[in-house]
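Asker: Before anything else, here's the structure in question.
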Amino acid sequence: MAGVGDAAAPGEGGGGGVDGPQRDGRGEAEQPGGSGGQGPPPAPQLTETLGFYESDRRRERRRGRTELSLLRFLSAELTRGYFLEHNEAKYTERRERVYTCLRIPRELEKLMVFGIFLCLDAFLYVFTLLPLRVFLALFRLLTLPCYGLRDRRLLQPAQVCDILKGVILVICYFMMHYVDYSMMYHLIRGQSVIKLYIIYNMLEVADRLFSSFGQDILDALYWTATEPKERKRAHIGVIPHFFMAVLYVFLHAILIMVQATTLNVAFNSHNKSLLTIMMSNNFVEIKGSVFKKFEKNNLFQMSNSDIKERFTNYVLLLIVCLRNMEQFSWNPDHLWVLFPDVCMVIASEIAVDIVKHAFITKFNDITADVYSEYRASLAFDLVSSRQKNAYTDYSDSVARRMGFIPLPLAVLLIRVVTSSIKVQGILSYACVILFYFGLISLKVLNSIVLLGKSCQYVKEAKMEEKLSNPPATCTPGKPSSKSQNKCKPSQGLSTEENLSASITKQPIHQKENIIPLLVTSNSDQFLTTPDGDEKDITQDNSELKHRSSKKDLLEIDRFTICGNRID
């Protein structure tokens, strides 16, 4: 009977249809009775059915709800993982931005150092070579009757410009003697700190406006004085332009003197509050520049403006130190008192420029290699100004590119030096002569080093073709077609020979009815005056269309120095 019961139990458990599990439960309950009390009852067995797994899952779910705790949450947060390689391009771009920001200080300072030495070269030219060139031009003018009037021109155009610069420099220097520096110092010192801060900001804006318009006045004077006589008179005359240039240089020199006086008052203040406020003004410049959209040309213009501003600040600090040393009878101990303030002003200027350029390049996706292009463009100006037939003098080229006009600053520095240093006795005059020869040596050495570096930068940027491709000649009075205006490459000399052979040569005088071959230096072209081809294009197009923007760095000059937009 026990064997029959054991055989029937599986049949009862497995013979069911829909209610198989219920019948299986009954079979398990009937097994002890079916054994008839013979032997110990077998151990209960759990059959692997779907209902068992469902109940186990419900049991685990109920246990999971009851066991939710802060420890399990913290454990999940600490062990949760993620994979950055799913967004590899994004993180690679962010890493390159960090590397670009780290490269900005080095590349920017290399550009700044090169640009400052360019400004120094143009500034030393006024004190060293310009007086010698004026002397040679006057000597030619006085000795011209001895050689006869073989040429229709009494002087070369460059000599006329040199004489005009020298006369303007001398006249403005004597006019500056009527401005009392001591009275201006005490007048500014009696003002409140906030008023002086406002005055200093107004002076910075006025300096930019003067620099933007001043070179136009000087260029108009140079062109009016050297314009060929055959052309139709379309100007007011040389004398009015000359008086305008003298008035501009005099007013700009007074403006820079007020800036230097305000800075001197800040240095001599007891609590240094004014100096701190003036330094904080540099950090306000970050707010006005960082959050604007910048293109490469806009950044190039702003870099040139920063170079000019930094060099001007160095000269202002030199003037402040000279005035303070004069007041303390040239006591060298007082120089160490001024030294921390001078270093603080220079360090704040450098820090502001680095932060400003770093975030501008970050927000506008500009690489750090763009500063090498800017440096090559400045080097191109220097090399092209030393060519056999250059468009303009190098100092004027720097003025057009950066907005740095050396004449007003030179007038003020001469005025301060002559009033601060008294020359008495033969030994003092001998020291002055030796100092002048030292300036000439410094100018020559600086020019040689800059010229060598500039040729290197031009070759690295592969810009030699622009130096060796002069424009095609055309006779005046006849309109040239577009095909005739295309530049033809020069033959007979290689690029390296052109760079080495054409530098430091004097221009050859040609006939007036033939336009000479000039080096294509686009830096001296005015943005406001289109060429003949551009005039034809604008006449064919509608009047509502503006001229296309010039994207070549060599075509960007200082005409938009007061703003950030390049037309």
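Glycine is treated like the rest: Cβ placed from N, Cα and C.
The structure displayed is predicted, hence computed values, not measured ones.
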Asker: Out of Ser211, Ser273, Ser523, which one does Swiss-Prot list as phosphoserine?
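Answerer: Comparing Ser211, Ser273, Ser523 with the record, Swiss-Prot tags Ser523 as phosphoserine.
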Asker: Which is it, of 319-339, 403-423, that Swiss-Prot names as transmembrane segment?
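Answerer: Among 319-339, 403-423, the range Swiss-Prot annotates as transmembrane segment is 403-423.
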Asker: Can at least 3 Cβ pairs under 8 A be found between the transmembrane segment (111-131) and the transmembrane segment (236-256), with each pair 6 or more apart in sequence?
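Answerer: Between the transmembrane segment (236-256) and the transmembrane segment (111-131), which are separate recorded stretches, there is no contact, as judged by 3 or more close Cβ pairs.
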Asker: Would you mind listing the long-range same-chain contacts of the transmembrane segment (403-423), meaning Cβ under 8 Å and 6+ residues beyond its ends?
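Answerer: For the transmembrane segment (403-423), the nonlocal Cβ contacts are 119, 122-123, 125-127, 165, 168-169, 172-173, 176-177, 181, 208, 210-212, 214-215, 218, 249-250, 252-253, 255-257, 260, 304-305, 307-308, 311-312, 315, 318-319, 322-323, 325-326, 395, 429, 432, 558, 561.
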